[in-house]
Each structure stands twice: as structure tokens, then as C-alpha cells.
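Engineer: Sending over a structure as C-alpha cells; questions will come in a sec.
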Amino acid sequence: MASIINKQIISPTGRNMEIINYEILKKYPLCDRCFGRLYAKLLHTTNTERGRALKLYKALELEAKIKKAKEKGINYEEELELLKALAKSGVDEIRLEDIEIEKENCPWCRGIFNKQKMEKLLNKAIELLKEYDFDTFLIGTHIPEEIKDLEKEIETEFMESIKQEFGREFGKMLAVRLDKAPDKEYPDIVVHINPYTEEIYLQINPLFIKGRYRKLVRGIPQTRWPCRKCRGKGCELCNYTGKKYPISVEEIIAKPFLEATKGVDAKFHGAGREDIDVRMLGDGRPFVLEIKEPKIRKIDLNKIAEEINKDGRVEVLNLEFGVRKDKVIFKNTPHRKTYRALVECSDKITDEELKLLEKELENRTIYQKTPKRVLHRRADLERIRKVYKVKTSKVDDNHFEMIIYCDGGLYIKELISGDDGRTNPSVSSILNKNCICKELDVLKIHDNNLLEKG
């Protein structure tokens, strides 16, 4: 123990440096645990054992000095003052007769590590956790401001905060009682505790389900669309549903998950979105469903997929459990797409014109201003996107089908119509005819296993 309880060490400059601040005990009668916490980064032992050893060593040293001072008849007031401070902080082994001081309460921990108090908090937390299904947890410790201020005043370079120690020790106890594992990165539940006020509340972290969806019919938005008039509150226009459209991909997928998990709400995160009148075919669009405050986490994904797919309007594929960062990937990962468009032209079209169209649009840069149809909700910007490949097939004199492989974020309807010159070039400008998109399907999102990157 001599390496840490020695009062001084030699610095690189050759000067003595204080490492143990016993003087702090004159102002604050820190208990063994709290005094040891000031030097928590020294030695592999508990804070209580470390603090006890430091105090006993100093008390022994002071008692010896005082006895010698008495024998020699010299002043020992300074040593006596510190020895009394040690007695107030809980050192009751002092043998000097003129030291009769009662132990004072520790101003730092205020007894929060008392075994009975810890058990009381533990039982309270377990009672709150009973109604939830979870595997991992984290302790969130909340400390009063006056305790934080005290820590700043007495801080040493070797100290750990009382917040750290309480969270660690309480977490160990909870892990043993529940046979659950603490998890700092992705806990199912965070148990928030203020050990000073004995307040406890739970933070139920979301359950994330990732997969892909196919939208097989037109006329359904991807997410719930609030009524524009009442903004979701319910009015005569929306038949008091609060919605512009009666159903969405989000609601079709979320409903069975909410029923199975007993969650309070769900949020849908898609890798982009298709228009209401556009189908999403092929192998589907990646999505993450965020279920808020689930009570049940162990659910049968295959069974839920079967239930969703029975609807006939939406299908889900490749369902698996995800994590929070999966939903962020969508916002930062560009991906190309393949579309099928049915185009209607004002004048007759020829096979030669369609061949010209394929040639003109191959590896072509498109300059596209925000479409007029969405200007009311999006900034008027110019986007630069690229069309890589186009394949056409004639349907009749005024209709043809296009397979378009292009950058994500390109508005296909406006690529076809030209949007009164706001998209350049366009199918209309190349063919010199008025063309419109009659039907549009997303055939593939070239995401390179977007969800697996997480």
C-alpha cells in the first residue's frame, strides 16, 4: 500500500507533489467510500477499502506525531485538528484520550450506498420492470446539482464520479437479481434513478424491425397523411379520421406489430418513397419500423409477415430485428433505381423515334428544378441527376413503355412531361411531343443490401 498512501511523490521537475489531499476532510467529513473514490483510478481495489486504508495510515502517522510532540512539549494543534477531522469522517480506532468526536454524515454520498436503501431501490425498479419483456438494460443515474458542485470542488485527477459508481454497483445488483445483461450501446430499457430522492422511472427504448416492402396497388401513400384542413385532429372533410387517405403502407405494416408488441406507437422509416399512384414492385423498398415503448420484444416475424401479406395490398419480405442506426443509413446512402413507365403521347410515335429517345437519354445528365406539383412543400432548387439506360417498347400509336435506370431523386413524371421546361432534357423535348406518364412502377432499388450495412 505504500505506493499510494505515501503523501508525496517526486515530479519530473524534482519537486514534491501532493497526491492525497487529507485537508479536504477538515471541510467535508467524507466516508471511507467517498474518500477512496477521489483516488479510484489508483490500485485495483474497492473505493471503500482504498479510502479506509488511506485514513488509517494517516491516523496512525498523526497519532504517532502527537505522542512524540507531547513527550517533547511542542505544539501539535495542526496534527490534532486533522486527526479530529479523520474521527468525524468515521475513523473510530484512534486511541488518544482527547479525541472523542462523533462520526458525521458524509456530505457527498449521504448514505445512498446503504444496503437497505439499495435493496429498497432495487425492489422498486424490479416492480416497475415486471410488465416488460427485455434482455438488456442500462442504469441512468441522476445526481442533484449540489452534489455535482461538491464534486467539482473536491475533484482530483484520479477520481470517478459518484454517478459512475452508483450506476455500476446498482447495475451489478439488478443484473444478478434479474439474470439480465447491462448494455451501454443498445439497451432495451434504461432504468433512470435519482438515489438521493429515490425517484425511479423507465425509458423503454424502441424495437426496430427492418425489411423490405412491396406496394402492389396504386392509391396508397407510404405513410399516414394528415388531413390538410384539420391537420390530423379530425373534421367533416376527413370524416373525422384526421387523415387525407384512409390507409397507408405504414399503417398496414405497423398494425400487427403494435398488436404483437403492445407498443404505444410506431414510426415508419423508408429508403425514399414512391408517389401515391406508384407501385413498388421487384424485391421491394428497404424500410425500418420503429415500435415505441414495446412491452413484448420476442415476436414471431414470419407469422406477422404472413398476416401483413394476407392483406393483398402490401407485402413484406426479409424481416429481421434491427438497431437504431439502421434508420439513419437511409438518409446518408444514395441509391439508383429502375422504373417502368407507361407513356402517353399527344401525337403518334414511331419505332425510329423510340430508338432516338433511347440513344439521347443514355448516360444523360438531367437538370431538374423542383416540380411544380410539390413546390408548395419543397424548396425551389435545381437538382442534377443522371439517366444511365432507357429501354422502350411500343404499345400502340400513342403509348409506349419505358424501363428507366437512373439516379435516385430523379422525378420520373417530370422527366417524361418536361414540367413546362423545368426538367431538361425530357421525353417531351426529345420527341417534340406532349408526353405524360400514365402509370409508373418502381421495379428495383439498387441499394446493395442497404440494411445490411448497419
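Cβ from N, Cα, C; glycine included.
Just so it is clear, the model here is predicted, and its values are computed rather than measured.
Taken from Swiss-Prot, the feature domain 'THUMP' covers 100-206. The active site, nucleophile feature in Swiss-Prot is assigned to D275. Positions annotated as substrate binding site by Swiss-Prot: Y339, Y411.
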Engineer: If you measure Y411 (substrate binding site) to the residue listed as 'active site, nucleophile' at Cα, how many Å is it?
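Structural biologist: Distance between the two Cα atoms comes out at 10 Å.
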Engineer: Inside 10 Å of the Cβ of Y339 (substrate binding site), count up the other Cβ atoms and send me the figure.
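Structural biologist: Within a 10 Å radius of the Cβ of Y339 (substrate binding site) lie 21 other Cβ atoms.
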Engineer: What is the number of other Cβ atoms found within 10 Å of the Cβ of the residue listed as 'active site, nucleophile'?
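Structural biologist: For the residue listed as 'active site, nucleophile', the 10 Å Cβ neighbour count is 17.
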Engineer: Per DSSP, what is the residue count of the domain 'THUMP' (100-206) in each of helix, strand and coil?
Structural biologist: 42 helix, 20 strand, 45 coil
Engineer: Hey, what's the Cβ neighbour count for Y411 (substrate binding site) at 10 Å?
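Structural biologist: By my count, 22.
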Engineer: How many whole Å apart are the CA atoms of D275 (active site, nucleophile) and Y339 (substrate binding site)?
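Structural biologist: Roughly 13 Å, rounded to the nearest whole number.
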